Each structure stands twice: as structure tokens, then as C-alpha cells.
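Q: Annotations per Swiss-Prot:
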- GLY79, 82-83, THR87, 89-92, 107-115, SER119: 5-phospho-alpha-D-ribose 1-diphosphate binding site (BINDING)
- GLY79, ASN110: anthranilate 1 binding site (BINDING)
- SER91, GLU224: Mg(2+) 1 binding site (BINDING)
- ARG165: anthranilate 2 binding site (BINDING)
- ASP223, GLU224: Mg(2+) 2 binding site (BINDING)
Amino acid sequence: MKNILNRLINHETLSKQEAKNMLVNISNGSYNPSQIASFLTVYMMRNITINELAGFREALLELCIPIDLSAYNTIDLCGTGGDGKDTFNISTLASFVTAGAGIKVAKHGNYGVSSISGSSNVMENLGIKFSNDPIFLEKCIDQAGICVLHAPLFHPAMKNVAPIRKELAVKTFFNMLGPMVNPSFPKNQLVGVFNLELARMYSYLYQNTKTNYTILHSLDGYDEISLTGNTKTITNKMEGMLKPEDFGVNLLSQTDIQGGTTIQESAQMFVTILSGKGTEAQNNVVCANAGMAIATVNNLNPIQGFELAKESLLSGKGLETLKKLQQLSL
């Protein structure tokens with residue numbers, strides 16, 4: 001580790017294999033917490049390279065506990081987090097709305113690190129059972145249309161890193177990796193990232209896979225469609241720019257999509273919105289993200305996806321999905 005840290009301090013970069021080896025060694029407990037924290041800090045001070053990101057990703061996927069959901073045409077809606085915006089849980093809400101519209105969802109998530117309440121914090125608060133049992137997860141997909149893949153249960157290799165990330169409480173390269181290491185290897189992905197450079201890296205890595213994907217970055221910094229401005233999109237077919245009017249809605253302000261200040265408040269807000277009792281702004285931003293997921297899977301244009309998402313939300317189908325998952329979790 002000393003040699004690697006000295007090289008990194010001297011502004012050198014790692015090869016893909018070196019990056020992979022580092023993560024494997026971290027997972028094996030080869031380094032102490034101070035060394036791991038120093039290693040993570042390097043990537044807060046300079047941009048990660050494509051080779052480094054690819055190596056880290058390869059290590060995590062090789063070390064993960066895989067779950068076979070290949071019988072289903074699933075999508076994961078997942079953002080990197082780390083955008084510093086503290087929105088409510090938009091991608092998790094959009095996941096339930098997407099499932100309510102009949103699309104199978106394999107939602108990969110974790111506890112919040114740089115935010116107050118991550119996807120797993122809200123799911124746990126609402127009584128959703130975390131499991132890596134394939135029979136239980138298939139049952140969830142079959143009966144509720146969605147399963148929740150709580151990252152620590154599938155990435156035991158990262159147990160040495162979790163407490164350090166929590167103590168640092170800022171985004172690290174693990175934020176960048178989260179959406180890329182879904183252990184069910186979904187056929188479709190809607191991925192939000194916190195900057196344009198990372199969007200390009202994701203595109204470069206995803207174009208060498210069979211994944212049907214849409215990568216999103218709102219130009220004012222959000223790792224999702226925020227409707228507070230335009231959103232850059234990169235798919236396996238094209239690049240584009242989404243405007244709020246592409247969904248037939250008005251521009252929002254940042255305060256319209258602010259999250260709760262506690263996990264409890266975030267969970268209450270989650271249920272309120274999923275019950276169709278959210279503000280128009282909250283409904284629109286959830287349906288824009290769910291709509292893009294639906295459009296990605298079914299090859300539709302954004303407004304077609306948006307209308308299907310809105311029908312799922314306002315008819316109560318999204319809420320019914322949550323209730324089914326809660327019942328299965330008992």
C-alpha cells in the first residue's frame with residue numbers, strides 16, 4: 001500500500017489490473033483503516049481514470065454474491081448519489097412507479113453516506129426485508145414486480161470500507177461504482193451520475209456490454225432528472241438533451257424537490273408521494289424519472305413513458321407495489 005500511495009501522491013495513475021488488485025486486497029483485510037481512508041482521499045482530490053474505474057468495478061463484480069434474475073427483463077433505477085443536493089428519494093419512488101406500470105425492477109441500493117437518507121434507510125423504515133435469498137427475491141419480483149437488493153448483503157467484500165465511508169461522510173469513488181455493480185446484472189439500467197465526466201466514463205464502459213441503458217445528468221448538478229433545468233442523456237443508441245417541456249411540464253425550483261431532514265420524515269414523504277398526495281412538482285419529477293425508465297425498457301419517447309408513469313402513480317398501482325412488498329417482508 002505504501003508504494004501505491006506514494007505513486008498516487010506523485011500524481012501517477014493505476015492500471016486496470018492494479019486498481020482491481022487494490023480493491024481485492026482491501027476486501028481481504030490487507031490494509032488498516034488509515035491506509036484505506038488515505039487511498040479513498042486521493043480520489044476526492046483528482047478525477048478517477050477509466051482504467052481505474054473499470055478495475056474497481058471488475059473487482060466488485062467478481063467478489064459479489066450474484067443473484068440470477070435473468071428470467072426477467074429487469075431494470076435498475078439507481079443514482080450515484082454524492083450530488084450534494086439532498087432531494088427526496090426520487091429514484092426509489094420512481095422504481096415503485098415503474099414497477100406499478102408493469103416493468104420488473106431490481107432496485108440496488110444502500111444506506112445514505114453523503115445524504116441524510118439513502119434508499120435503504122427509507123426501505124428499512126417502511127418495513128422492507130433485506131435478503132440475498134434468491135427464492136425470496138424471485139417471489140418479490142413475481143408478486144410485487146420489484147425486489148430490493150441491499151448492497152451490503154451482496155458485496156460482503158466491502159465490510160472493511162463501510163465504516164470508513166460513514167465516518168468520512170463525503171462522496172468517494174464507491175458512489176461512482178454503486179449503479180455499476182448491481183449483483184443481478186439487470187438487462188436495462190437508468191443511471192444518474194453527479195457530473196458530465198462520469199457520464200462519459202459510464203457510457204464508455206457500458207457500450208462494451210449488452211446492457212440497454214440511459215445515463216442521466218442534470219446540468220445543474222443533480223444525479224437524476226430534476227426538472228430544474230436540462231438533463232444530458234446518453235443511451236446505447238444516441239446522446240441528447242431533455243427539457244422539462246419534453247415531458248409536458250414546467251420548470252421546477254430546487255426547493256420543490258427538497259428531501260426530509262430525518263429518515264422518518266423522508267419515509268413519511270415517500271408514502272405521501274406514492275399515495276398520490278404529493279405536490280404537482282413532486283409527482284412530475286418522480287414520473288419524469290419513472291417515465292424514462294419505462295421508455296428505456298419499452299423503447300418509447302419520454303412523454304409516452306411519462307404518461308404511463310403518471311397513470312401508475314395516480315391510479316395507486318405504485319402504492320400497491322409497495323404494500324405487496326411490505327406484506328412479503330413480514
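Each Cβ is built from the backbone N, Cα and C atoms, and glycine gets one as well.
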Q: Do any of GLY79, HIS108, TYR111, SER114 (binding-site residues) have a CA within 10 A of ASP223 (Mg(2+) 2 binding site), and if so which?
A: GLY79
Q: Spatially speaking, which of the binding-site residues GLY79, THR87, TYR111, ARG165 is closest to GLU224 (Mg(2+) 1 binding site)? Use C-alpha to C-alpha, please.
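A: Smallest Cα separation from GLU224 (Mg(2+) 1 binding site) among GLY79, THR87, TYR111, ARG165: GLY79.
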Q: For HIS108 (5-phospho-alpha-D-ribose 1-diphosphate binding site) and ARG165 (anthranilate 2 binding site), determine the Cα separation and express it in whole Å.
A: 18
Q: Out of GLY79, SER91, TYR111, the binding-site residues in the record, which is closest to the residue listed as 'anthranilate 2 binding site' when you go by Cα distance?
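A: Going through GLY79, SER91, TYR111 one by one, the closest to the residue listed as 'anthranilate 2 binding site' is TYR111.
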Q: In this structure, which of the binding-site residues HIS108, ARG165 has the fewest other Cβ atoms within 10 Å of its Cβ?
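A: Each of the binding-site residues HIS108, ARG165 was scored; lowest Cβ tally within 10 Å is ARG165.
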Q: Name, in the order they occur in the sequence, the residues of the same chain whose CB lies under 8 A from the CB of THR87 (5-phospho-alpha-D-ribose 1-diphosphate binding site) and which sit 6 or more residues away.
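A: Non-local contacts for THR87 (5-phospho-alpha-D-ribose 1-diphosphate binding site): TYR222, GLU224, SER226, ILE257, GLN258, GLY259.
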Q: Pop the Cα-Cα gap between ASN110 (anthranilate 1 binding site) and GLY79 (5-phospho-alpha-D-ribose 1-diphosphate binding site) into the table, whole Å please.
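A: That separation, Cα to Cα, works out to 11 Å.
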Q: Just to be sure I understand the packing, how many Cβ atoms besides its own are within 10 Å of the Cβ of SER114 (5-phospho-alpha-D-ribose 1-diphosphate binding site)?
A: 18
Q: Tell me the Cβ contacts of TYR111 (5-phospho-alpha-D-ribose 1-diphosphate binding site) under 8 Å, same chain only and six or more apart in sequence, or just say none.
A: GLY118, SER120, ASN121
Q: Just to confirm: which same-chain residues, 6+ apart in sequence, have a Cβ under 8 Å from the Cβ of ASN110 (anthranilate 1 binding site)?
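A: Expected: GLY118, SER119, SER120, HIS150, ALA151, PRO152, GLY178.
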Q: Can you check what DSSP calls TYR111 (5-phospho-alpha-D-ribose 1-diphosphate binding site), collapsed to helix, strand or coil?
A: coil
Q: Sort THR87 (5-phospho-alpha-D-ribose 1-diphosphate binding site) into helix, strand or coil using the DSSP assignment.
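A: It is in a strand.
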Q: Let me know the DSSP-derived helix, strand or coil state of ARG165 (anthranilate 2 binding site), please.
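A: The residue in question, ARG165 (anthranilate 2 binding site), is helix (DSSP, three-state).
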Q: Given the binding-site residues ASP223, GLU224, and counting only Cβ atoms in the protein chains shown, which has the most within 10 Å of its Cβ?
A: GLU224
